[in-house]
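Below you'll find the structure, written out as structure tokens, and then a few comments.
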Ligand SMILES: *Cc1c(COP(=O)(O)O)cnc(C)c1O
């Protein structure tokens, strides 16, 4: 973190951390036999840069990539990815033909969607069943009908059913009764699909938390999002696996200055200096995805210590307590990072504002410049910029 900060405020993503995490996850799930790994890179790779993260995950052996929308899948194809790729969120009228032409596997939740997909040409389709999340996926009452229509379309050569899958509601709480119930319901769906004559290549149920905590839910492949980025899907529950957070958010201090005991800081004066102190102004705010709720709650890292955010987070800036020090303008401020030096992590920010690390890394962006580095390629302490700057 001693390297110069070229930007006012930036997101630095270490693709070596992504590769490291993918290898750890693959090894972990393959202990009792081969299980394929899908790296989930939706929502711009959880804010890490979809294309760069996808390439790193493939390099490290990810068998599949997973995204929500057809647009995301087509963007991966346009960037040169040609491997197995699944998307699972579409609205009527979406461009299934483009997905099919690009070799993207799409997901159908209903007979209507299946027929729409079949209309787009011989398509590779996965069927999603709702086993208890009560979100997307075919409800229990429609499973038999969906499977029999799928089998008919398959016999007509209009689709190939390549997968059957579902999604867990509470995999981050291993003792939650929904886990057993959903796994049992999924096994029932697979039996019904088999009875209907379907023979999918892959069946899958687990996200990151279940990949790590619930081997019985592994089936043929696991869909890992958050753990790919080195963040903990179930804080306080997950064993130590050596995952490495890939994202660091940092900025340059705009200025530091003295404030007197009793002075109010930032909009609304929601914090007053208890004694004479110094504060620093950091050029990132809620317009850059820094949660406004971090006011008087989160910490940042300046000159080897954690400094509390004082007062409200503004649209473009926030103020931190420097406890009497007056570091020069341009001093590096780390909002969060892997935590190696003692800096806060995305999980610390999540805890501070009452959310999950997923939201912290996915929402950060706005005007921040994102840069990808590869710490495996670093000579000593000189970071190698991959030359890709996005946003
Ligand atoms: C986002 C998503 C995942 C990844 O979940 P993580 O908890 O980040 O591992 C897996 N499956 C589906 C269907 C998803 O939407």
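Glycine is treated like the rest: Cβ placed from N, Cα and C.
Here TrEMBL flags 42 as N6-(pyridoxal phosphate)lysine. Per TrEMBL, the feature active site, proton acceptor maps to 42, 267. Taken from TrEMBL, the feature substrate binding site applies to 135, 315. Sequence annotations record features per position, and here TrEMBL assigns domain 'Alanine racemase C-terminal' to 246-373.
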Exercise for the section: Return the member of 135, 267, 315 nearest to residue 42 (N6-(pyridoxal phosphate)lysine) in space, with distance defined Cα to Cα and candidates limited to these recorded positions. Expected result: 135
Fill in the blank from the handout: Neighbouring CB atoms within 10 angstroms of the CB of residue 135 (substrate binding site), all protein chains considered, total 10
Completion exercise
Cβ proximity for residue 267 (active site, proton acceptor), under 8 A, sequence spacing 6+, ordered by residue number, returns 311, 312, 314
Practice task
Using all protein chains in view, find how many other C-beta atoms are within 10 Å of the C-beta of residue 42 (N6-(pyridoxal phosphate)lysine).
Solution key: 19
Practice task
May I ask you to report the DSSP-based helix, strand or coil state of residue 135 (substrate binding site)?
Solution key: coil
Problem - Surrounding CB atoms that lie within 10 Å of the CB of residue 315 (substrate binding site), all protein chains - result: 13
